[in-house]
Amino acid sequence: MHFLTMLVAAFMVAIAPSGAVAQDISAPASTVDAAEVVAESVADGEVVIDETGGFEHFGPDRILGQPTSADEDMLASMTFQDQYTANGNYALWMHDAILLPIIFAISLFVLGLLLWVIARYRRAANQVPSKTSHNTLIEIIWTVVPVIILVVIAVPSITLLARQYQAPPEDAITIKANGYQWYWGYEYLDNGGFEVISNMLDESEALSAGEPHQLAVDNRMVVPVGVPIRLQVFGADVIHSFAVPSLWFKMDAVPGRINEKILLIEEEGIYYGQCMELCGARHGYMPITVEARSMEDYNAWVAMQPGGMTRAQIQAEDAAAAAPAPVEEATDDGTEEGEAVEAAA
Ligand SMILES: [Cu+2]
């Protein structure tokens, strides 16, 4: 009994908030605050350039994906969050239109059978029990009907699996989510390779921003809406799991291995998620905030990140690098200067 008490106490300490565990995460260097940049250039007496490129983060009125509390809406709190991806909508349809009705019907049927047996075949009502031990017709029915039910479930189920395994197209924008103990880092591999470090806001900061505590973060994962994203998930230390319920996205972040899945968000907005793999003392304090923006806004946001480059910029740079040196007039002996230089090099 003593051992059990100690075990429970140890567990409580392990899951207690930061106060109980003397382990505070100092936020690593994160993206430069645009306001700071402007302030600095003012101090230096330079011309002030609008570093934000007109980009402003969405406010709490644009929150789409978040859990509902039971006080707010009992029914909504018991089911899935609203879905904002095609796969999510398909999965929600499968749950609402296929699985739940079947589960409901089977439960009612079994309950009815039980009540009937209890009432009809109780000792008082059934003095001389039947000696029947076989009934071919019933045996065929109770074999075939469950098979049909399973096939009916298997069709949409396997379809959903196949859709989730669909590889992102070649031109998808690659973003890598790195799980750290205990925060997330978002690497924008196709936009210059900068990484945004994302830490949870504390309660007063979250509430003053109008955002839910333990879901709001300081630096959001900004992504483009309506275009396929190749979201790679990686564990930098232990196994984490990148999960955003309203985007139907959950993928383990495993050290030494990159997992990837397509993410295509249908609507601009803010979507909250959390780490969903027990990863240590502050596992419950590494939320995810995805902000889906139009391509134009996304590019404006990328441009204000240190080292951030839009696709157009990268393509222009690549084109400039790949462009052949201006072709010189052929010299008398028939060789071109360009060729001679290349050969010498
Ligand atoms: Cu984690």
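Cβ coordinates are placed from backbone N, Cα and C, and glycine is handled just like the others.
Marked as signal peptide by TrEMBL: 1-22.
Annotation comment: TrEMBL describes 72-168 as domain 'Cytochrome oxidase subunit II transmembrane region profile'.
What TrEMBL records for 98-119 (among others) is transmembrane segment. Within the chain carrying the transmembrane segment (98-119), a Cβ under 8 angstroms from the stretch's Cβ atoms is held by residues 125, 149, 152-153, 156, all 6 or more beyond its ends.
Residues 87, 90-91, 94, 98-99, 102, 106 of the same chain sit 6 or more residues outside the transmembrane segment (140-162) yet have a Cβ under 8 Å from a Cβ within it. The transmembrane segment annotation in TrEMBL covers 140-162 (among others).
What TrEMBL lists as domain 'Cytochrome oxidase subunit II copper A binding' is 170-304.
Under the heading region 'Disordered', TrEMBL lists 315-345.
The feature compositional bias 'Low complexity' is assigned by TrEMBL to 316-328.
Feature annotation from TrEMBL assigns compositional bias 'Acidic residues' to 329-345.
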